[in-house]
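Participant: Sharing a structure below in structure tokens format, with a few things to ask.
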Amino acid sequence: MTQSSLSIRRIAVSALLMSVALVLNTFFTIYLPLFGENGVSVGISGIFSMLPSVLFGPGYGAAVSGLNDLLGYLIKPMGAFMPLITLTAALGGALRGWLYFAFRKARPARVRAAIIALSALLLLAGLYALYCFRADGLANLFTGEETADPAQMHALSRVLAERAAGTKDPAGNLATYRTLITGGLFLCAALGLCLLMADAIASKRAADAQAQTGTLALTLAVLLSGVIVTTLNTVILRETVYASWKVFPFIAIWLPRLLEEILVGTVKACLMLPLLATFHRQSALRRIAR
């Protein structure tokens, strides 16, 4: 098969997958409000727009993800068009493809060690945040029972206290900030452990080392690229479009979107696995995969 013929077939398959993603995005995507704006979207259209990046590489992933965002807006506009969001979508597609093939080449033991280290770091960060909040008496702040001077608090507690002080319900908002930070860190740490358990189960059925990292590589590529894109999009939306978000700490806006990305991204990765297996079982399609 010549290189031009290979490229044409890859483009055709990518276009087909993108068309499915556009249909699903138009009719089966739910937008949830976040602090008065459409801050969270939930749907399965991303499964099909992500497949070209892990089948054919970063270039196809960037092209399909960017075009999918642009065409999705043209078909179903949601507010003003933001080119920066389209660029971050393309960046996410490229990162996803690059990370997937990088993890596929890595030794399984190293990938698992990195997940363990990151989960431990997140767990320690959550414990430290919990210690700071309790040591500084944040639960009693703004309730008339303050026992600590904000100036003497740990940096994390002081930032949250200063942010909450300017709101209509400082005590309630401060409690929300504390829950989001500690709960988010602990949940991310637990997710890493769950990922290792799922990989251990999948590895028992794998025939070789490369197959053992397949589940892990796909999940990590989807999650890491999603986290980066979500973070960039949160900054863009907060600074350029959603003025109402500026009255809240960045982490209060970012964490709910991050948790949604992690949970939905994990589900998408699980649903992509059987689709990839089906693709590779077809000899004609397997020959055009990277």
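All positions are counted from 1 along the displayed chain.
Heads up, the Cβ atoms here are built off N, Cα and C, so glycines get one too.
Quick paste of what TrEMBL says about this protein:
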- 12-32: transmembrane segment (TRANSMEM)
- 39-60: transmembrane segment (TRANSMEM)
- 80-101: transmembrane segment (TRANSMEM)
- 113-131: transmembrane segment (TRANSMEM)
- 180-202: transmembrane segment (TRANSMEM)
- 214-236: transmembrane segment (TRANSMEM)
- 262-280: transmembrane segment (TRANSMEM)
Participant: Which residues, given as numbers and ranges, are at least 6 beyond the ends of the transmembrane segment (113-131) yet have a Cβ under 8 Å from it?
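Facilitator: Counting only partners 6 or more residues beyond its ends, the transmembrane segment (113-131) has Cβ contacts under 8 Å with 156, 181-182, 185-186, 188-190, 192-193, 195-196, 216, 220.
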Participant: Near the transmembrane segment (214-236), which residues from the same chain, at least 6 beyond its ends, have a CB less than 8 A from one of its CBs?
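Facilitator: Sequence-remote neighbours of the transmembrane segment (214-236) are 50, 54, 82, 84-85, 88-89, 91-93, 95-97, 99-100, 103-104, 106, 108, 111-112, 115, 195, 198-199, 202, 206, 250, 253-254, 257-258, 261-262, 265-266, 268-270, 272-273, 276.
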Participant: What residues elsewhere in the chain lie close to the transmembrane segment (12-32), defined as a C-beta under 8 angstroms and at least 6 residues from its ends?
Facilitator: 38-49, 51-52, 55-56, 60, 63-64, 67-68, 71-72, 75-76, 78, 285, 288
